[in-house]
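Over in Swiss-Prot, the protein carries these features:
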BINDING   Ser117, Leu118, Leu119, Pro120  (6S)-5,6,7,8-tetrahydrofolate binding site
Amino acid sequence: MKIIFAGTPEFAAVALAALHAAGFEIPLVLTQPDRPAGRGMQLHASAVKQFALAHDIPVAQPVSLRLDGKYPEVAAEAHALLKATPHDVMVVAAYGLILPQSILDIPPRGCINIHASLLPRWRGAAPIHRAIESGDAETGVTIMQMELGLDTGPMLAMQRLPITADDTTASLHDKLATLGGEMIVQTLRRMEQGDLPAEPQPDGANYAAKILKEEATLDFTQPAEQLARKIRAFNPFPGAAATCDGTLIKFWHAQAVPASNQLPPGQVIAANPHDGVLVACGDGALRVTELQKPGGKRLSAVEFLKGFTLEDKRFQ
């Protein structure tokens with residue numbers, strides 16, 4: 001079976017690597033254009049492009065696939081390339097570009113998507129973040145047949161994965177990426193054998209909106225449990241944060257703990273090597289165990305307090 005693969009970040013690169021290791025022929029990879037990154041803002045290839053080039057797989061990087069969009073000539077070239085490349089199916093994982101119907105219609109066996117949630121829950125851009133932030137007990141991966149709607153297509157496979165109390169978006173991402181790679185290989189093997197029934201998604205969809213940097217600010221009037229989930233959900237991006245004496249401090253790890261104090265939300269209850277950093281919340285308190293100030297490294301609470309005083313301070 002010949003596969004065109006479309007994806008961009010590390011999540012997609014794991015799936016591409018799994019397909020390559022399983023022996024599937026991959027005549028073409030689509031990925032987003034190189035983007036400026038790092039302090040020097042130099043152009044960097046996506047994780048998918050890096051894997052493809054390392055394994056001599058041809059790469060195309062159209063800026064758009066919409067014939068009626070801003071770059072119709074680029075889109076037309078991409079359409080022509082797909083039609084000229086012999087393949088059976090397209091596998092899509094976190095590609096980042098909208099696939100119009102004219103693209104979905106090209107692969108003889110359609111387009112199959114790897115989505116990091118238990119559809120129809122958490123359709124959209126940030127399913128891993130939102131699952132942790134909302135306190136879901138589990139998530140998983142859904143393999144679906146793509147159609148024009150956003151993550152609305154019939155399901156071909158689904159596997160569940162528990163969300164542990166210390167999972168961050170980073171750790172859960174890695175687990176789901178590995179699971180997605182395993183599942184797409186299994187799904188395509190079943191497709192080769194002609195055994196791939198599709199199941200319509202049930203009702204009850206909700207949407208995982210894109211993460212905005214503005215969401216990163218912690219509101220200490222909220223319950224500690226809610227804030228602890230947010231800190232885990234926003235690790236590594238964009239990093240939950242609060243301001244103390246005009247300095248923006250990022251919170252990377254924290255646990256909710258009971259607290260009977262009457263201190264105002266955001267007030268530092270304790271900040272010492274024995275107790276760590278304890279911050280009053282609307283309900284309970286946060287025990288913060290890893291912090292970072294601007295331009296600095298992530299530090300344990302003990303190390304952080306050696307260079308920054310929080311005793312009797314209040315976070316805003």
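Note: Cβ is positioned from N, Cα and C throughout, glycine not excepted.
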Under 8 Å by Cβ from Leu118 ((6S)-5,6,7,8-tetrahydrofolate binding site), counting only residues of that chain that are 6 or more apart: Glu138, Thr139, Gly140, Thr142, Met158, Arg160
Taking every protein chain in this structure into account, which of the binding-site residues Leu119, Pro120 has the most other Cβ atoms within 10 Å of its Cβ? Leu119
Chain-mates of Ser117, Leu118, Leu119, Pro120 with C-beta within 8 Å of site centroid, (6S)-5,6,7,8-tetrahydrofolate: His115, Arg121, Trp122, Arg123, Pro127, Gly140, Thr142, Asp151, Met158, Gln201, Ala205
Note: in the chain of Ser117 ((6S)-5,6,7,8-tetrahydrofolate binding site), residues six or more apart in sequence with C-beta under 8 angstroms of its C-beta are Arg123, Pro127, Ile128, Ala131, Thr139, Gly140, Val141, Thr142, Ala208
Quick one: what's DSSP say for Leu118 ((6S)-5,6,7,8-tetrahydrofolate binding site), helix, strand or coil? coil
